[in-house]
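What follows is a single structure, written as structure tokens, with notes after it.
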Amino acid sequence: MIAEDILFDAYNPYAIQLTDKEISNIQTNSRLIEDGDLFVAIKGHTVDGHQFIEQAIQQGAHFVLADKTFLKTADSKSFLHKKILFVENTYAYLSTLMNRFLDSPSQKMNIFGITGTNGKTSTAHILTQILSKTGQKTAVLGTTGIRTDNYSAPMNNTTPDPLVLQNVFQQMVDLDVENMIMEVSSIGLAEERTKETDFSVAIFTNFSQDHLDFHGTMENYLKAKGKFFKELEPYNHRGQENFAIINRDDATADYFIEQSRATVLTYGLDQTADYYASDISYSDFSTSFMLHYQNEVYPVQSSLIGKFNVYNLLAAIAAAHSQGIPLTDIVNNLMTLNSVEGRFEVVSDTTKDDITVIVDFAHTPDSLEKTLQTLAHIKHHRIISVFGCGGDRDASKRPIMAEIGVTNSDYVVFTSDNPRTEDPKQILDEMTNTLSEENYCQIINRKEAIHHAINLAEKNDIVLIAGKGHEDYQIIGTEKFPFDDRICAKEALELRNKKKHTKMYL
């Protein structure tokens with residue numbers, strides 16, 4: 001692409017001629033620069049890309065884009081003859097740059113964005129399956145990576161940075177994807193990663209404590225979420241109506257409704273919602289309810305269990321229906337939905353295990369409490385929980401989660417989550433220091449903790465392993481080590497069964 005077509009509003013103090021210069025690719029990592037690329041120097045939290053401008057030019061970058069503040073530094077003087085352009089903030093400009101370079105790829109699909117403290121991943125996967133069952137090619141992007149028919153790849157962030165995100169959009173366009181369902185994190189919104197994304201539907205799931213290590217206050221956290229709805233246009237580029245799908249039952253619902261400029265549709269258990277559920281019934285591993293919309297009532301059966309999944313289902317139903325899919329078609333497909341990896345995932349085998357072991361991603365006070373409350377609806381003897389809290393993250397939720405654990409479980413094994421650079425023992429102590437109950441223990445090693453809980457379990461007990469869900473790693477210090485709760489639990493179950501089998505013949 002011609003440089004002038006995408007860099008026309010960049011500050012050019014050196015009278016660089018852009019007209020006939022081609023840009024073959026855009027990179028923010030100087031090590032990936034090839035001849036003809038544009039290098040965008042970004043000042044990150046730990047690394048400043050402006051330090052690598054000379055390296056990028058030596059590797060063949062046709063142009064460099066830098067912050068205007070770089071002009072004032074001594075380092076910039078040696079580059080006065082180089083092809084450097086300036087903007088106020090390169091990171092804030094990156095979405096616009098990528099959108100121009102790739103010719104607005106998000107406008108070539110229907111983009112559904114889902115934000116909220118909990119439920120984003122499950123709602124995204126439910127909606128993806130609903131749309132796919134209508135024959136529409138659909139991709140999902142979020143915590144579990146990017147997935148569509150015959151293609152999947154991991155992602156470093158729930159909502160990727162603009163360079164990655166816009167490239168993913170283009171990749172999906174090349175694969176003829178019609179719908180993109182994506183999780184939109186509060187951090188991604190605060191950092192404007194989704195700027196220039198042409199959303200058709202914005203979904204709000206719920207709001208509770210999380211990410212205070214980044215946002216500082218609940219007010220800032222709320223405003224970051226609200227920004228998504230405030231910036232959603234009433235109509236998309238095709239002139240079609242955009243929709244804001246809001247959880248009517250959440251305490252912050254009115255705030256999000258007030259922020260919205262698009263057409264608002266609400267869901268919940270409150271009968272004032274546009275889509276509401278009544279007569280909810282739970283069996284051990286299924287949920288049923290009556291769906292109400294206007295004057296119509298539809299019986300719903302789903303293999304997804306728990307009250308939180310009723311909300312996830314309602315959000316996905318409302319979003320799909322807003323795009324013209326008949327409710328009868330949506331409802332008829334709900335019983336065959338697949339569960340999401342690491343989201344209330346049963347890893348035990350009823351044919352050989354006399355206990356139930358469930359792995360779940362619950363890592364906030366609200367999600368942990370809702371998950372444990374859901375377990376209470378399943379026939380059981382005792383509930384044993386295994387979980388911890390992440391290091392270098394919001395420390396204020398540690399005692400809250402511990403209290404929720406001991407209150408809603410018969411026994412808790414507190415263990416390491418991703419301790420990162422914090423002392424794992426100190427994290428556990430901060431969780432348990434204020435507990436008055438004694439129905440718990442601390443085991444720092446997560447593998448040992450899972451094995452201990454499963455060995456401790458008796459017939460008909462439920463063991464919940466919470467916090468990491470689908471993750472196949474554990475972060476200790478600054479390194480990632482291979483670790484999967486599901487694999488660990490299955491190994492522990494196998495050993496437990498061998499011990500039982502051995503005892504039978506002693």
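Note that Cβ sites are derived from N, Cα and C of the backbone, with glycine treated the same way.
Model, not experiment: these values are computed from the prediction.
Within the set 321-324, 405-408, 417-420, 497-500, the record from TrEMBL flags 417-420 under the feature motif 'Meso-diaminopimelate recognition motif'.
Look at PRO419 (meso-2,6-diaminopimelate binding site): DSSP puts it in coil. Annotated ATP site GLY116, THR117, ASN118, GLY119, LYS120, THR121, SER122; additional same-chain residues within 8 Å of its Cβ mean position, judged by their own Cβ, are ILE114, THR123, GLU183, THR205, ASN206, ASN312, SER367. If you take every residue in the domain 'Mur ligase central' (114-320) and average the pLDDT, you get 95. Each of the binding-site residues THR117, ASN418 was assessed for Cβ neighbours inside 10 Å, and the highest tally belongs to ASN418. Neighbour list (LYS120 (ATP binding site), Cβ cut-off 8 Å, at least 6 residues apart, same chain): ILE114, GLY142, THR143, THR158, GLU183, VAL184, SER185, THR205.
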